[in-house]
Amino acid sequence: MGRGFHAPSLSPAEIPAAARGARPGVTMEPSQEAEVLDPGPSPGGLSSAEALAALGAFGRRLLWLLPVYLAGRSGLSVGFVLLGLAVYLGWKGARRGKERSLLAAKLLLGDERAAVRATAAGAGLGRELPAWVNFPDVEKAEWLNKILAQAWPFFGQYMEKLLVENIAPSIRASNTHLQTFTFTKIDMGEKPLKIMGVKVHTGANKQQILLDLNVSYAGDVQIDVEVKKFFCKAGVKGMQLHGMLRVILEPLIGDVPIVGALTMFFIRRPTLSINWTGMTNLLDIPGLSSMSDTMIMDSIASFLVLPNRLLVPLVPDLHEAAQLRSPLPRGVVRVHLLAARDLQSKDKYVKGLIEGKSDPYAIVRVGTQVFTSRVINENLNPTWNETYEFVVHEVPGQELEVELFDKDPDQDDFLGSGLEQGVGMWLGGQEGSSAGWETGFFCLFLGRILDPLPHLSPLHQVLQRNKGISSKPEPPSAAILVVYLDRAQELPLAKSGKEPNPIVQLSIQDVTRESKAVYNTISPVWDDAFRFFLQDPANEEVDIQVKDDSRQAGLGSVTVRLARLLSADELTLDQWFQLENSGPSSRIYMKLVCHTAQPCAPGQLDLSETTAYVGSSVDLPSRPTKSSPDAQFGMESVIRIHLLEAESLIAKDNFMGGMIKGKSDPYAKVRLGGQRFRSRVIKEDLNPRWNEIYEVIVNEIPGQEVEFELYDKDVDKDDFLGRCKVPLKRVLSSRFIDEWIPLEDVKSGRLHLKLECLPPTPSAAELEQVLMVNSLVQTARSEELSSTLLSVFVDRASDLPLRKGSKPPSPYVSLSVRDISYKSKVSSQTADPVWDEAFSFLIKRPHVESLELQVKDDGNVLGSLSVPLSQLLETEGLALDHWFQLSRSGPSSQILMRVQLGVLVSQHSGVEALSTPAAGEDEESLPRGSESELYIAEDGEAGSTQELRQRLPQTDSSSELSDSPLGQLRLTVWYHTDERKLIAVVHACRNLRSSSKEIPDPYVSLILLPDKSRATKRKTSVRKRTLNPEFNERLEWELPLEDVQHRKLEAYIKNSVSFMSREKEPIGKVRGGLYDLKDDKSSS
């Protein structure tokens, strides 16, 4: 065959001047060279550009002659001209030398091979380098070995601390027979780990750095252990470990430390050799030695050989941790093991005089995935025709290992091995390969990689194509299922009442995978991934069993039909699954991803930066439609602390050296869940009454207590009057406590408390009742009581605006309701942050309050959102869970969060309903205008304080509505015997009428008759421009009960007008007696 000739490609600088049309002997400027290389118009015409270029060249030459002319004009000697010329030539030569040096350095750093060849060509050695000159991809790292040698003693100190303080307690807790296990000697030796070579992979993905480290360790390590109970000593004295460790620096971020995390793993199983001591010397017996090393290698492979990875986060709150630890596979390789030829004969009889054959079988391995073929008896040319499928996790780097053995009763004889490097080559569609040995060969067909992409090919087409493939021992796969096992919650206890050691078994048909065990918890976190091949996903299901590892007792189960997965978005289910045969709130969180297997044509799968998420170490997660809070979100309780009174306190105010005993000025400090409250000071009283209410949001964290401390207020230092504590667990279990509690650390004194647990209820039906009850039980010196609990879960944001200079922001969220505000953590350098945080607010009046949210970056607002809580009252379950559009932000900037309300219904307020619908009677059948009257229970019922209460009637039937055209007033009046106060709560007005055309600004004025002095008058605040004002305000008079029983209460509904206005007549008036609950209503 003829051989084509290829001329070397030269740059314009390397083309001789004569070849470019230049005249010999004329030095050409760059501009002139450009003109020669770029032909102008045809001869016969001169363009303006050419004319300007010619004039410029002529002008430059005149400038060169200008110094000569000036020197002659000034009468200077020719020596000055020659001196100036010499200086100029020296400067020009030095400048060109620096440029050549800089260019050479750039070439050497950019392409060492080309730079060396260019140097060799300049030295007359030709374009080819000597055979001994090579450019290895693997580079030495002696500097790194020197660092390891210097740091090795300190690494030994760390390992000693790790083994003694962490590993040893875990081993002792794992088994009752190992309770006396100890490390008696830990010495990492003087020979450090060595890095024999480093190879850096570049160009595949600009978002990561891949390093392959050739690790070698032949150390004099000595570790001795002892189990004193059995007088058992064992240990290790010397070991060798050799393998290729891959380190991935990913993700790369625009802030220190630049690298977000380190991911480390062995691409294939490393080789291991251990020298045992003590009783473990028995493991050096032939047969046991290889078995022990294999078992240890299996344990190493279980967490440090692909597909297992060790993740070391370098930045806090790394949200990509799950994807980095268990990324989606790069693809699936289908391997056809065909046959072998001319194998060695290993079966010999009569001491080798009679030569037999061999019983060959093959072991095919990629990473930790191993398949063993069937045994072909007495055949040196076996034919298997078997097919195996391997998951490819990393490209480049993974290798296909094949080993052939002769099956024997004792120990199998080795027949040879082969190593097919670069599984990544299969991605290009290479159809086959072969490997051989000195005495034989075998044929191995490497099928094209199956590219696992969602919706890449219709499932029925894949199934139809697989019918035409003959495959043994298993039929070909149509899809691959990846199950990410995250966590479980509220698992049942073991039969002994102890917390279980949960493990999970996942099964599809006859394939079962098992997770690690998590010890002594009912809320385990596994954070593991499992992969299954599917032949017919539409008719298969995955069975999940949660068991107790110690007894293998069932803790719950769930079955997921894969047909449900095929109909999901992106073939993905990412959610909580309720466990069956378990506790009422037991559930497990999993992510199931199914990908169909489509053959990839040669060169189809691109590994460039544009497809970095296709099987890279970071897999692009699908955009969720709902937030994913944990199970405890929105289940916080509110503890209402009612500090009533104390008695028999110690007198601390003594005068004249204690000769005159005074009293105390007591006040109380209350502490719960990190929140502190302080009561008012009661002057000179050993039996103070505070009657103050505090509210705290709590979670069920063990060990919390409600703490009370009493002090005597003094000018200098306050004196201690006693303390008491109530376990929070008791309050949560009993829901209500009303007790006198003795004070500790003092001689006398006790404290009267009411503690109530208010769980949030997701129903607005009782909200109006709660608001009314709160207004009745609220004390004069306490803040307005909360009616609802607002829970906010901020999940993530999307497409936030960038900073100036197109840099991603570092956003955080600021949330506020009234004067209460919270701030989330900062998500570093991202326009798509994930916060995954929950916040809670106590809400007093949800009808008029709103949640204000701002996304900020270093104080700059990236977007804002306002959510009126009245919107939640109109939704089912009082919750909103979706993406919210941010205002003052980008057009597609959104935030995903869940906002929900829970109504705080008190069951022990002492306020109960008197009139309720009778059995079988609808609320709608009640007369319009009639309402449930409220009263405070007497002693022996819900409360211990006797109070008299009445509701001034509005109307008794629908017929009366026409008789009261001026509107209705809802008013509650009662007398508090302990406080000796008359209390009135003005709730609201309805259907008010105004004499003018303008809408009034109403308020309510109350007067105790017969006096009409300022001391007997009270009024509410003004409500602007409304005919249905809501007040819910409390008004009080300090009067004895005997005086109150002889008075009447008159209520005026007035319009707030200016002093000069003529409209001073009230809108309406109500008058009622305070003794017999029989009132006269005026309709003026």
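Each Cβ is built from the backbone N, Cα and C atoms, and glycine gets one as well.
The region 'Disordered' feature in TrEMBL is assigned to 18-42 (among others).
If you look up TrEMBL, you'll see 70-91 (among others) marked as transmembrane segment.
Per TrEMBL, domain 'SMP-LTD' is recorded for 137-315. Per-residue pLDDT, averaged over the domain 'SMP-LTD' (137-315), rounds to 78.
According to TrEMBL, the feature transmembrane segment maps to 247-267 (among others).
Residues or ranges marked as domain 'C2' by TrEMBL: 314-438 (among others).
Marked as domain 'C2' by TrEMBL: 461-581 (among others).
Positions annotated as domain 'C2' by TrEMBL: 619-741 (among others). The residues of the domain 'C2' (619-741), classed with DSSP into helix (H, G, I), strand (E, B) and coil, number 7 helix, 59 strand, 57 coil.
Annotated domain 'C2' per TrEMBL: 771-896 (among others), in sequence order.
Under the heading region 'Disordered', TrEMBL lists 940-964 (among others).
Annotation source TrEMBL lists compositional bias 'Polar residues' at 943-962.
Marked as domain 'C2' by TrEMBL: 965-1084 (among others).
According to DSSP, the domain 'C2' (461-581) comprises 18 helix, 57 strand, 46 coil. Mapped onto DSSP classes, the domain 'C2' (771-896) shows 15 helix, 59 strand, 52 coil.
DSSP states for the domain 'C2' (965-1084), grouped as helix (H, G, I), strand (E, B) and coil, give 7 helix, 53 strand, 60 coil.
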